[in-house]
Every structure is written in C-alpha cells, then in structure tokens.
Amino acid sequence: MMATQRRVLLDVLMACWGMGTWLGINGLYVQLPLLVERLPEGWALPASMTVAVQIANIGLLLYALLRRIFTRVKDATYIYGLLMIGALALILNAFLYTKTATVGNTERSMAFLSLTFFAGLVGCTSSVLFYPYLRYFREIYLATYLVGEGLSGFIPSILSLIQGVGGEPECVPSGNFTIPVYPPARFDSTVFMLVLGVLSIASLLSFTIIDSTRIFASERVSLTAAVKDEEAVQQYSLLHPKWVSILLLMAVLNALSNGVLPSVQSYSCMPYGTRAYHLAVALGTSANPMACLAGVWLPPVPSKALAAMLSVAVVPFVYILTTAVMSPSPPLQHQTSGEALVVLSWVCVLAVVSYARMWVYGWARGGGARGMRACGVATQLGSAIGSLLLFLLVNYTDLFTQPDVCSTVI
C-alpha cells in the first residue's frame, strides 16, 4: 500500500463513507447484550432483528424499479437518500426503541424493529449500489472503502466496551415471583444510538465531498474506462463455473455472517454470562476491519490458502453451534476456560469469514459493475436465506432454549 501513489485524504473520506453502510445495523447488534435483557423478545431478539434487516432487501427491488422509471437519475442521488435515511433511523431509535406493541397476543418491540428495518435499507442496498459507484475511482480505493465498512462494526464495538454491560442481574421480589433487575451501564442505549447517528451524518458529509467536489479528479477513472468496466466480466461469463463457485461462496459466507451467527449468538454466549456475550459481540465485530486492513497491507492469499483458512474455521464454528444448541447448559459453563473458549471461537470465525468476504469482493472487482452487482445479489440472497431459516428455528422449534433468570416463586 505504501508504495502505491494515492491520496490519503481520499482514503480517509472513503473509509468514513464506507463506515456509514452498516453502522446502524452493526451498532444495534453490539447493543444486543443490553437489549435482550430489556426488550420483550429476550434471547430471540437477534433472530427477529435479522429478519427485519433482511426484509430491508426490498430496497434492492425498489432501487431497480426507480432506475427503470427514472433512467437519468444518477446513483449518487440514491446514495444521498439512503445515508440520510440511515442517520434519521438511528436518531429516532435512540428515543423510541423501548416502545412496544401487542401483536397476536404477544408484546413486540415494534418501534425498534421498524427503525432497524430502515437502518438495514442502507446496508442491504449498498451491496448493489455503493460498490458499483466505486468503479469511477482507482481500484486501490476499494480496500480503504472496505476498511470503512469494517469500521462500521469496530467503532460501535469500542463504544460498547466503554459503555460496559452493567454486570449480572439481581433477583428482587415482585408480587409472588422474583424478577431480574440489571445494573445500569455507564451510559444507556439512547446515548449510544445518538453517537451512531452523528457518525452517520459524518458518513453522509464524506460522500458529499467525494461526489460533489473536483479535488480528487486525478483519482477518478475516465468516463470511457468506466463505461467499458460496466460491461466487463473478466474473461468469463457469469455462468462460468468459476464465477458460479465464487457467487455461491459469497452467498454461504453471508448466510453465516448476516443470518446464522447473529441469530444464535445470544444462545451461545449468554449462558457463560453477560460479560462473555459482550466481549464476543464487541471483539468479534472488531475482527471485520482488522481483516479488511490485512487486505490493504498484504497481497491477497491464493485460493488454496483461503480454502485452508475456511476449513480450519469449521472447528470453532461447530463449537459455536454446539454451545447454542446445548443452551442453557453448554460445555464448561461455569469455568473461566469456557468463557474464554467461546469468545475466542467467535472472534476466530468472524475474522475468517470477514477476510473471505473481502477476498471475494476483490476478485469480483475484475468483473466490472456487472460482476459487483452479481456479487451484491449473492450477498443479499445468502443473508436472507440464513436469516429466515434461523428465525424459524429460534421461534418455532425447541432447538434453542432461554432459561428463566429468576423463576423462584415466593
């Protein structure tokens, strides 16, 4: 990277813009150790949240429809609109996330889930809208954009570590039962979400500078080259076995990272304590930008080396599923080694999956805008399948169990 001619200011702005893509969703995910204790869904909240995010894939259809109707509207206009929606959703959620409604005789966090949907519009649509926009800039800036996308998880993770989780609950009498009372964190979720809202506004301002000023004209790809890139598909058709395998890999990776893993994390980690859940979420999310930075500083690994990394990650992944299925009594439950092992497993799996996703995006860049859009569709399709499958398993089977924290009858 250091030997490459580049504009550092543009790197910073690209990273700040990329940060706004998944900032809302990643930020809400790292709040789950607090939210699952306070919202009516309990440990099933992550599964409901992933479904809300995947419903946001309707943004892909809406974008395709608008492009067909308004053929002269530039992609930048849609990007401005999405970033505004993401910032507004976070700011509103800061004040409304505790509002609930009764749906089918069950209390639901409708305000939180509805605003999560709007925050998800940004991330879901970015995979087929933001990446193709990058073709107007030199290829070296793709990695720094991905670093920014990773920061959308890293910064909320650091903020959540500062916030803390308040400790384990205390059971206090209430009528004929005892109920859990959770100690407060250093600052509440309202402050946390407002900070994320400010960061989303910074992302919007960064994109405004990138798109509307000419100070980075030397870093842009010529219009002729961009048009050629629009039609490029490397030397293969998208139906070539190599492209099909890459798109299938991307779908599987995102089914895991955006569907399966977030849905089972509460069941895997909470039996070891709130601290274990908090560390697994925060450190696991931080692994994403670290993997992307590896892509900036180091050359891509060969495909065989990537396959070896994914094969090794199967072991901690199986352990994660085992702890989730055995909840609320997983292996080594009341031992420090058990807490450390489950946190380490989450960090390892998320780091490898994040690096593999970045590797695929880099490879797909050779397919031009068409290849990047195909990669984006595979991303959202895999995420939707993983989220829906786990939502059904969590809510309509007995595979995953949440115990009563305080169930003593007085």
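Numbering starts at 1 and runs along the chain as displayed.
Every residue, even glycine, has its Cβ placed from backbone N, Cα and C.
All annotation found in TrEMBL is predicted automatically rather than curated by experts.
Straight from TrEMBL, the features:
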- 12-31: transmembrane segment (TRANSMEM)
- 43-66: transmembrane segment (TRANSMEM)
- 78-98: transmembrane segment (TRANSMEM)
- 110-133: transmembrane segment (TRANSMEM)
- 140-162: transmembrane segment (TRANSMEM)
- 191-210: transmembrane segment (TRANSMEM)
- 243-264: transmembrane segment (TRANSMEM)
- 276-298: transmembrane segment (TRANSMEM)
- 305-328: transmembrane segment (TRANSMEM)
- 340-360: transmembrane segment (TRANSMEM)
- 372-394: transmembrane segment (TRANSMEM)
Completion exercise
Counting Cβ pairs closer than 8 Å to the transmembrane segment (110-133), the top stretch among 78-98, 140-162, 191-210 is 78-98
Exercise for the section: Between the transmembrane segment (12-31) and the stretches 78-98, 191-210, 340-360, work out which stretch tops the count of Cβ pairs under 8 Å. Expected result: 191-210
Practice task
Would you confirm whether the transmembrane segment (243-264) and the transmembrane segment (140-162) meet the contact rule of 3 or more C-beta pairs below 8 angstroms, pairs 6 or more apart in sequence?
Solution key: no
Handout entry: Winner by Cβ pairs under 8 Å against the transmembrane segment (78-98), considering only 140-162, 191-210, 340-360, 372-394
Key = 191-210
